[in-house]
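Visitor: Take a look at this one; I'll ask things after.
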Amino acid sequence: MSKISLIVGLGNPGAEYAQTRHNAGFWFVEQLADRYNITLKKDPKFHGFSGRGQIEGHDVRLLIPTTFMNRSGQSVVPFSKFYQISPEAILIAHDELDMDPGVIRLKTGGGHGGHNGLRDIVPHIGANFHRLRIGIGHPGSKDRVSGHVLGKAPQNEQTLMEDAIHHALSNTRLLVDGQIAQAMNQINAYKPK
């Protein structure tokens, strides 16, 4: 039973990307920081914004890389190594093309699934970390993927994603307690309204 002690949100830095689908992982960590009054401060050493605080009685670090998505490993890898956090204690929240908006899934291990942020992390720390996959939907054509992930979702899809993130946040205690199987059951059972 490995307790989550590092929660990472993947996305792209800058105001122009803040509301894009690719930043769903950022949204999760930002809302988590707000919920538990954890201040995220610029951390140039690790190319990101990081914070540390108590979440449901556990000491947890939060990280939002300020590298572009395809360079996420430049932040996550040195951060986890410096603080000696094993992959089993890491949760990475990210957008997921292969799931509809409003669908959210917790998964342990696996490959990068074509996700450029994960693709940059897996070779360095392995694949045995936890992923919170936040559905953003697929545009239907491979040629339209870049514009889709870097585009802002229409309000109805945005609401579905926010509701799914809120549901995952309500299961934070299970994650930091190391009750991953129970967290998976709760989070993965979520049905969009």
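A Cβ is built for glycine as well, from the same backbone N, Cα and C atoms used for every other residue.
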Visitor: Looking at Swiss-Prot, which one out of Tyr17, Tyr36 binds tRNA in the same site as Phe68, Asn70, Asn116?
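Guide: Between Tyr17, Tyr36, Swiss-Prot records just one in the tRNA site with Phe68, Asn70, Asn116, namely Tyr17.
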Visitor: Apart from Tyr17, Phe68, Asn70, Asn116, which residues in this chain have a Cβ no more than 8 Å from the mean position of the Cβ atoms of those residues at the tRNA site?
Guide: Asn12, His22, Thr67, Met69, Arg71, Ser72, Gly117
Visitor: Take the C-alpha atoms of Tyr17 (tRNA binding site) and Asp95 (site 'Stabilizes the basic form of H active site to accept a proton') and report the distance between them in angstrom, rounded.
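Guide: Rounded to a whole number, the Cα-Cα distance is 13 Å.
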